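J.: Below are the features listed in TrEMBL for this protein:
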ACT_SITE  D:HIS264  active site, proton acceptor
BINDING   D:88-90, D:SER117, D:GLN138, D:THR166, D:LYS240, D:SER262, D:295-299, D:318-319  FMN binding site
BINDING   D:TYR140, D:HIS264, D:ARG267  glyoxylate binding site
DOMAIN    D:9-368  domain 'FMN hydroxy acid dehydrogenase'
Number of protein chains: 4
Amino acid sequence: MAADASLNAIPDGILAAAEYENHAANHLADSTLAWLRGGSGNEYTLRANQQAFQSLNIRPQLLNNFSQASTRLKLCGTKLESPMLLAPVGHQHLLHKEGELAVTRAAEVSATCLVASTMSSLTLEVIAEASNSAKWFQLYWQPRREDTLDLIRRAEGAAYEALVLTLDTPLQVLSHRAQRAGFAQLKSTTPANLKDYKPLPQRALAPNQSILLHGMMSEAPDWEDLAWLLETTTLPVIVKGVAHPDDAFRLQSMGVAGQIVSNHGGRSLDGMPASLHLLPAIRDVLGAHYPLLLDGGIRSGTDIFKAIASGADAVLIGRLQAYALAVAGALGVAHMLKLLRDELELCMALAGTPTLNDIGPQCLMGAI
Amino acid sequence: MAADASLNAIPDGILAAAEYENHAANHLADSTLAWLRGGSGNEYTLRANQQAFQSLNIRPQLLNNFSQASTRLKLCGTKLESPMLLAPVGHQHLLHKEGELAVTRAAEVSATCLVASTMSSLTLEVIAEASNSAKWFQLYWQPRREDTLDLIRRAEGAAYEALVLTLDTPLQVLSHRAQRAGFAQLKSTTPANLKDYKPLPQRALAPNQSILLHGMMSEAPDWEDLAWLLETTTLPVIVKGVAHPDDAFRLQSMGVAGQIVSNHGGRSLDGMPASLHLLPAIRDVLGAHYPLLLDGGIRSGTDIFKAIASGADAVLIGRLQAYALAVAGALGVAHMLKLLRDELELCMALAGTPTLNDIGPQCLMGAI
Amino acid sequence: MAADASLNAIPDGILAAAEYENHAANHLADSTLAWLRGGSGNEYTLRANQQAFQSLNIRPQLLNNFSQASTRLKLCGTKLESPMLLAPVGHQHLLHKEGELAVTRAAEVSATCLVASTMSSLTLEVIAEASNSAKWFQLYWQPRREDTLDLIRRAEGAAYEALVLTLDTPLQVLSHRAQRAGFAQLKSTTPANLKDYKPLPQRALAPNQSILLHGMMSEAPDWEDLAWLLETTTLPVIVKGVAHPDDAFRLQSMGVAGQIVSNHGGRSLDGMPASLHLLPAIRDVLGAHYPLLLDGGIRSGTDIFKAIASGADAVLIGRLQAYALAVAGALGVAHMLKLLRDELELCMALAGTPTLNDIGPQCLMGAI
Amino acid sequence: MAADASLNAIPDGILAAAEYENHAANHLADSTLAWLRGGSGNEYTLRANQQAFQSLNIRPQLLNNFSQASTRLKLCGTKLESPMLLAPVGHQHLLHKEGELAVTRAAEVSATCLVASTMSSLTLEVIAEASNSAKWFQLYWQPRREDTLDLIRRAEGAAYEALVLTLDTPLQVLSHRAQRAGFAQLKSTTPANLKDYKPLPQRALAPNQSILLHGMMSEAPDWEDLAWLLETTTLPVIVKGVAHPDDAFRLQSMGVAGQIVSNHGGRSLDGMPASLHLLPAIRDVLGAHYPLLLDGGIRSGTDIFKAIASGADAVLIGRLQAYALAVAGALGVAHMLKLLRDELELCMALAGTPTLNDIGPQCLMGAI
């Protein structure tokens, strides 16, 4: 309840990673909790992300030999011990006083790749210094191209292994839930990474022009901007927010190194399909061997299994990361990741699939 | 609660157009609210109209350039700033003391086309005089053809730009909800437009004839009446209440200028499908370039987007108009329209569709 | 509540035929109400019968001329003013002190065909004498063929126009609801029609034989028995309880005059589909011009419309008859029938179908 | 409530086999009840097992002659009076003080085949001595092959007629419900059958190896182990836990005598489909004449009918057996089996299917 009640001790009785959500309510102010849990609009997409996993059933196979079992994979050049990454989550000082440093420590302990956010409370350099494990940098397009370039060069300099360009929310949308709860912490804060960048002068609009369509959207990137980005950096560029198979095909053709199916966790366009339901059509156009990740709705190791069976190579863990951080800092995040991994391994054992390559559509059966 | 508590000030905390419904309960007598919110029968169609929108998901596209973005269109000769019109709503003095004049003012301020109702509290001439913006006249067929003709000539004389012939309720049905709440205001009132027209003498029925099928239905128009109407006026005639593709085809062939898919807001035949679900088959028979509108269930800009993606050129706003009128008069209606338009623009921005022509079936994915 | 509180006055405020159900609770002992409302097993089929109607939507057509409108039809030689019959309901003295005589009066006043039950509280002769309108006799197969023959001859002698052979419940099943409520009135009663017939001597079963499969089922009729029946009587024979298209085809081929799709109102095999869902496949095998009726789940005139659109020529009204009888005797039943007919006529007017022949699958659209 | 309140008398008012579940709550400690009723994970599969039966409807046929009616069948050489077996349920002393002996008595009285569990409270020899009726032995693979072999030889020696090899839970999973209720009775108990077998010495794992995937799964059997088993015994081997048609085909080809579709009653991989939904595809690959059973979700005779119509030859009764045992010992189990059989016979009578061979897909219609 009180924000300072955050612990660095794991609460008793947590049997599953998903249970961190309920405990988080004891460690966050109501308005922060509303911001964290809420989605845009009527929260249709927020709910759909989780419910989608119930629409798929797993049909196990028997008697397979597990002596060569493994959850390892290599993704865009990065080696992963298991098919999960820590999703970019901004403003982590609102969740725990150690913020991104706690998550960085948990990532290292559990050998999990971290995707640091443009909107992090600490600079990308501070995060990189604190970390010895694999990390990617999540990039928000900046109003001035020179600022975007600066962010890229800084990420390259700090040894991030890939850039994750977020495109699923050309405009930032604050949920009604957060607005009603009086959440206002972000208004007065400039994220640490962006302190030296200045906003554009206000754009003059003609009488018939829309603030939204002509004002704000003039700062969103387009296909040309992406082409420039791909030429500018030597890091692999991964696009987050892909929903349409036509876009997936075009991005692959342009040289994008990997893609993340995402609806921004139900925080952008309310009415988007669940991430899980978007996957199969996109895997179809990309072919079997192109890196594809899923973000949105993962609450258990069984969910991870279903995402992989539906076409993902790996998944991003967003809200569960935030809940565990709020509950018990680095220890909480590490424990949550351990639970998720145990759940995935149990699911693989019971489904009879010793390696990630054994998990595919043949393991699934639509729920009736 | 008390009918005279109507404000001309926007209540605090309204974040979405849909929220006007809840506020309306504070500004209307219970029986009037029951009349306004209720639908016929078991209110199946009333609920279906809104729920249908949840059966469709939007699949955004990325990186499209918005420098030429626009929500404008031209419909049956009328220029619209955005794809929404104010639906014909009768008896507006029951909702706010300024009634149709408030709505007319809001229409002008927000450059929205108004469809004035035959059943309005004020005459079509008074409404027309108060207005400088585009307006259409909604026509109910009168028992005597000379009275129908008189209404047409009056609408032509008052510079209405089109006639909207309502056919989705050959009989007026009062909802059980309104009957139970004791709503009786309409019994003793003759609408202003019809003051000079006399009812037909009571029709003598044979012993085996039905008051309903042979009495009341004898005053409903048929295909011959429509042919006469089309020859009689030079205004474009738009038919409201189309549900069957066969009718849509025949109406188009006869020279009807546009059509509105509608189930009278769930106030006529309970058991009709949601308007949204009727759209695609009707668009199919009419071809891509014939004016087609949707009436029924719109509560947000995202709903408008889905209607357009399903085949509509524009939508009519009925109950939201009435709720906003009851809450805050002209200011309320203008504010509600502004919210709807902002919601539509946000949806277009997030869906990656800069113009109405970019919105189509490829943007949709059925909910699972 | 008290069984003697039955009225012969219509309660205030009844706006729809379906509302008689709620009022019935005020006029029946709890155990009788449990018997009347209950279904077998988990009451799955009981609920499905009603819910099925919500799975169909009506898509109206516009501008049709109603000058030749009519709800009349001729069915197995009997002329009907509207497409509904009073279903066979036994033991009516448990519902109202005037029992079958009240229903007979209501049938005559409203020109509705009555199907008198083998299990009626009064003999078929007493019912026939009290009635001047069309009536059919519902036949339960008797353990002794000579008793079945006697019932047939009595029905012929009393001027019944058709025999309705009930086959949907080869065994009588008392609902758990009625058992739990302590309903026991039927145990000690022999129905008036069967007073002179003696039970068979108890059948000796071998040790491995089942009381149910070999004992009770030995008294159920088979295909040979039906062949005998068809040769024995000159009355048209209508079979009630058809569910499988193969049976429908065989019955038609044997010379059965008409069929009733029925699951015994959810009082026989729990787990049967809703009657409405059984209709289309059966109409398909029977062709367009063979008499087919629906029994089960009708609560409104719109339900009747949907049944006809799904392939029925007419429907039977069972529970609504019983509820109205309990509430207000002959007056209640007549009023309920009037409401149903008004509801059907309103539905036809709004759907644009002037006659029963205009109602067909083209009027329907599956609910989504 | 109190564990010692177990009765040997049937409670009043039980009208259906399914009702034993509610009564069991009065006879078991809360933690034991949680263990018995619970499923793994979110209990999705536990619920699905029962709900699946509601997705199928039964379409009866009329007028079939029942003089040769029968519920008998022969399965893997064992003659059954009706198509149900008592599923293997371990640790029965937790449910009733007479444990497996009570169930053995009930099996004999009702001529039902018993499948004795490896995990039974009493040894397989004690159970066999107490029984004169047909029985099979359920085999869990043991960490040492010589112990598995010993169990097989003991079962052969004690005149069990078949071996049921359970493969649907390579790891034992305790439900969250049981953990939360503090259920711990199994930790300190070695089942009677396994008293003389010693655990393997703890396996040394490399740093990157998983306790679960490399440690625990190294003790699970694989295809080679099964081949050995089939060569080792002359008893028919039936595999329990088949879910995938590919496995079903391979098992049949290897000489497995019969198969049981099962998800371990929702106690193993949460997210598996309902057993009923797995059946049809597996029956398809196995052909019509190969022994196939269903385990999971049976609560009534109608459920048994639907399982047979979906492709099963017979079903296993697990939880209902345990509930009835807890409520009234041998008498309870015998009564529950009698109710199930009566329900099945009633269903067959009402569905018009005199023998098990008459029950097939043509009796079913998907629920809408």
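Cβ atoms here come from the backbone N, Cα and C positions, even for glycine.
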J.: Which ones in the same chain are close to D:ARG299 (FMN binding site), with CB under 8 Å and 6+ residues apart in sequence?
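T.: When sequence neighbours closer than 6 are ignored, D:ARG299 (FMN binding site) has D:ALA17, D:ALA18, D:GLU21, D:GLN50, D:PHE53, D:LEU320 within Cβ distance under 8 Å.
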J.: To see if you understand the setup: which same-chain residues, six or more apart in sequence, place their Cβ under 8 Å from that of D:ARG319 (FMN binding site)?
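T.: Once residues fewer than 6 apart are set aside, D:ARG319 (FMN binding site) is near D:GLU21, D:LEU36, D:ARG37, D:GLY265.
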J.: Using a 10 Å radius around its CB, how many other CB atoms surround D:ARG267 (glyoxylate binding site)?
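T.: Summing over all protein chains shown, D:ARG267 (glyoxylate binding site) has 24 other Cβ atoms within 10 Å.
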J.: I'd like to know which binding-site residues lie near chain A: of D:GLY90, D:GLN138, D:LYS240, which have a CB under 8 A from one of its CB atoms?
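T.: Near chain A - Cβ to Cβ under 8 Å - we find none.
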J.: Based on DSSP, name the secondary structure state of D:ARG267 (glyoxylate binding site): helix, strand or coil.
T.: coil
J.: Which are the residues of the chain, D:TYR140, D:HIS264, D:ARG267 excluded, whose CB is within 8 A of where the CB atoms of the glyoxylate site average out, their centroid?
T.: D:THR166, D:ASP168, D:THR169, D:GLN172, D:GLY241, D:GLY265, D:SER268
J.: Measure from the Cβ of D:GLY297 (FMN binding site) and count the other Cβ atoms within 10 Å, all protein chains considered.
T.: 26
J.: Could you say which of the binding-site residues D:PRO88, D:GLY90 has its Cβ with the most other Cβ atoms inside 10 Å?
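T.: In terms of Cβ crowding, the pick is D:PRO88.
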J.: Long-range same-chain neighbours of D:GLN138 (FMN binding site), Cβ under 8 Å, sequence gap at least 6?
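T.: Long-range Cβ contacts: D:PRO88, D:VAL115, D:ALA116, D:SER117, D:THR118, D:LEU163, D:VAL164, D:LEU165, D:THR166, D:LYS240.
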J.: Over all pairs within D:TYR140, D:HIS264, D:ARG267, the annotated glyoxylate binders, what is the largest Cα to Cα distance, rounded to whole Å?
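T.: Greatest Cα-Cα span of the listed binding residues: 15 Å.
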J.: Just checking, which of D:HIS264, D:ASP295 (recorded positions) has the fewest C-beta atoms within 10 Å of its C-beta?
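T.: Looking at the recorded positions D:HIS264, D:ASP295, the Cβ with the fewest others within 10 Å is that of D:HIS264.
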J.: Pop the mean pLDDT for the domain 'FMN hydroxy acid dehydrogenase' (D:9-368) in here, whole number is fine.
T.: 95
J.: Within the chain of D:TYR140 (glyoxylate binding site), which residues six or more apart in sequence place their C-beta under 8 angstroms from its C-beta?
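T.: Set apart from D:TYR140 (glyoxylate binding site) by at least 6 residues yet with Cβ under 8 Å, we have D:THR118, D:MET119, D:THR166.
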J.: Give me the Cα-Cα distance between D:GLY90 (FMN binding site) and D:ARG267 (glyoxylate binding site), rounded to a whole Å.
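T.: Between the Cα atoms of D:GLY90 (FMN binding site) and D:ARG267 (glyoxylate binding site), the distance comes to 13 Å.
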J.: Would you count the other CB atoms within 10 A of the CB of D:LYS240 (FMN binding site), including those on all shown protein chains?
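T.: Result for D:LYS240 (FMN binding site): 24 other Cβ atoms within 10 Å.
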J.: Where D:ASP295 (FMN binding site) and the residue listed as 'active site, proton acceptor' are concerned, what is their Cα separation in Å, rounded?
T.: 8
J.: Do me a favour and check the Cα-Cα span between D:ARG267 (glyoxylate binding site) and D:GLY297 (FMN binding site); whole Å is fine.
T.: 12
J.: In DSSP terms, helix, strand or coil for D:ARG319 (FMN binding site)?
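T.: Once the DSSP labels are grouped into three classes, D:ARG319 (FMN binding site) ends up as helix.
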J.: Determine, from DSSP, whether D:PRO88 (FMN binding site) sits in helix, strand or coil.
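T.: Its secondary structure by DSSP: coil.
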J.: Per DSSP, to which secondary structure element type does D:TYR140 (glyoxylate binding site) belong, with helix, strand and coil as the options?
T.: coil
J.: Pop the Cα-Cα gap between the residue listed as 'active site, proton acceptor' and D:GLY297 (FMN binding site) into the table, whole Å please.
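T.: The residue listed as 'active site, proton acceptor' has its Cα 10 Å from the Cα of D:GLY297 (FMN binding site).
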